[in-house]
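Structure, as structure tokens:
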Amino acid sequence: MNGTEGPNFYVPFSNKTGVVRSPFEAPQYYLAEPWQFSMLAAYMFLLIVLGFPINFLTLYVTVQHKKLRTPLNYILLNLAVADLFMVFGGFTTTLYTSLHGYFVFGPTGCNLEGFFATLGGEIALWSLVVLAIERYVVVCKPMSNFRFGENHAIMGVAFTWVMALACAAPPLVGWSRYIPQGMQCSCGALYFTLKPEINNESFVIYMFVVHFSIPLIVIFFCYGQLVFTVKEAAAQQQESATTQKAEKEVTRMVIIMVIAFLICWLPYAGVAFYIFTHQGSDFGPIFMTIPAFFAKSSSVYNPVIYIMMNKQFRNCMLTTLCCGKNPLGDDEASTTVSKTETSQVAPA
């Protein structure tokens, strides 16, 4: 074993020299230089500064503008709530622990931080899945005369919470465990050892298949069908400038969605899968830390992609920020979201 395993931690550093200390009791400066911990803290501070205002503003703008309270936006609001969970449940804790160089809140704090960070991340991930399905059903119309309504949105939101809890809760009750990861300043599920006494192998397989591979397949399928449908509609209406514009907008939105999903989650999932399938191999804390912290940036990407690219929401946000006056004019802001729920090609 190239790491040092304790009862509730795994430090990716051999203890042959006797320098390894519990990440709950002492700074981990033998894993990385102090300035590197400071860089992590600065990064988390940046995510808090960017993530909190835009997600909070999303909730506030929706309360202020009644026309935004549509079924589709229920999912977008759920996404904002998930991102706020990550900001308050994970980012603030990680900022504080990074400044100290170790996880100062102990095993109980690690469980709480790991749970809330995982819960927020999973709610966000499954919200993206629900959005993908909603766009597929509305635009591609696999079921004739189906209209995405309030009840469907509520069921979608409930589904995201059920799936998120199904991933975040098991480590709290003995199926796997939350431990400090990478540079030992943030916590996540254990994937470094098999740990048969807590059935860790089965949990990691379950998490990778159900909470990563399946969402990825669903998102690619739905948006692949979406692009195909828009292109087909454009081919049948060559003169339609509206359709041509819709094709470009939807295609651009889909490309950004897929790229952002891969950028945020594929490196983390890939590293976790590699470590899990190469037990005993040599890997350093930086190798584990960078993908995990990069995945956290989804709290900033999400509102930019799924809300800022929504013209109506963007204009309502500008109206709120500019004290009731939209500097871009009122025509675009008056477009209703219901249009996107009945159109075959219009993006959200």
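Glycine too: its Cβ is placed from the backbone N, Cα and C atoms.
Per Swiss-Prot, the features are as follows:
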- 1-36: topological domain 'Extracellular' (TOPO_DOM)
- 37-61: transmembrane segment (TRANSMEM)
- 74-96: transmembrane segment (TRANSMEM)
- 97-110: topological domain 'Extracellular' (TOPO_DOM)
- 111-133: transmembrane segment (TRANSMEM)
- 153-173: transmembrane segment (TRANSMEM)
- 174-202: topological domain 'Extracellular' (TOPO_DOM)
- E201, Q279: Zn(2+) binding site (BINDING)
- 203-224: transmembrane segment (TRANSMEM)
- 253-274: transmembrane segment (TRANSMEM)
- 275-286: topological domain 'Extracellular' (TOPO_DOM)
- 287-308: transmembrane segment (TRANSMEM)
- K296: N6-(retinylidene)lysine (MOD_RES)
- S334: phosphoserine (MOD_RES)
- S334: phosphoserine (MOD_RES)
- T335: phosphothreonine (MOD_RES)
- T335: phosphothreonine (MOD_RES)
- T336: phosphothreonine (MOD_RES)
- T336: phosphothreonine (MOD_RES)
- S338: phosphoserine (MOD_RES)
- T340: phosphothreonine (MOD_RES)
- T342: phosphothreonine (MOD_RES)
- S343: phosphoserine (MOD_RES)
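Feature annotations (Swiss-Prot) mapped to structure.
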{"residue": "E201", "record": "Zn(2+) binding site", "Cβ within 10 Å": "16"}
{"residue": "Q279", "record": "Zn(2+) binding site", "Cβ within 10 Å": "11"}
{"residue": "K296", "record": "N6-(retinylidene)lysine", "Cβ within 10 Å": "23"}
Local backbone state of E201 (Zn(2+) binding site), from DSSP in three classes: helix
Which of 37-61, 74-96, 111-133, 203-224, 253-274 contacts the transmembrane segment (287-308) most, counting Cβ pairs under 8 Å: 253-274
Cα-Cα distance linking Q279 (Zn(2+) binding site) and K296 (N6-(retinylidene)lysine), given in Å to the nearest integer: 25
Secondary structure content of the topological domain 'Extracellular' (1-36), with strand meaning DSSP E or B: 3 helix, 4 strand, 29 coil
Contact set, same chain, for the topological domain 'Extracellular' (174-202): CB under 8 Å, 6 or more residues outside the stretch: 3, 5, 8-12, 23-24, 28, 31-32, 36-37, 40, 90, 93-94, 97-98, 101-103, 110-111, 113-115, 117-118, 272, 275-276, 279, 285-286, 288-289, 292-293
Remote residues contacting the topological domain 'Extracellular' (1-36) - C-beta distance under 8 A, at least 6 residues beyond either end: 100-104, 106-107, 110, 177, 179-180, 182-185, 190, 192-193, 280-286, 288
Arithmetic mean of per-residue pLDDT over the topological domain 'Extracellular' (1-36): 88
Contact set, same chain, for the topological domain 'Extracellular' (97-110): CB under 8 Å, 6 or more residues outside the stretch: 8, 23-29, 34, 37-38, 40-41, 44, 178-180, 183-187
Cβ contacts under 8 Å made by the topological domain 'Extracellular' (275-286) with residues that lie 6+ beyond its boundaries: 1-2, 12-13, 28, 31-32, 36, 182-184, 191-194, 204
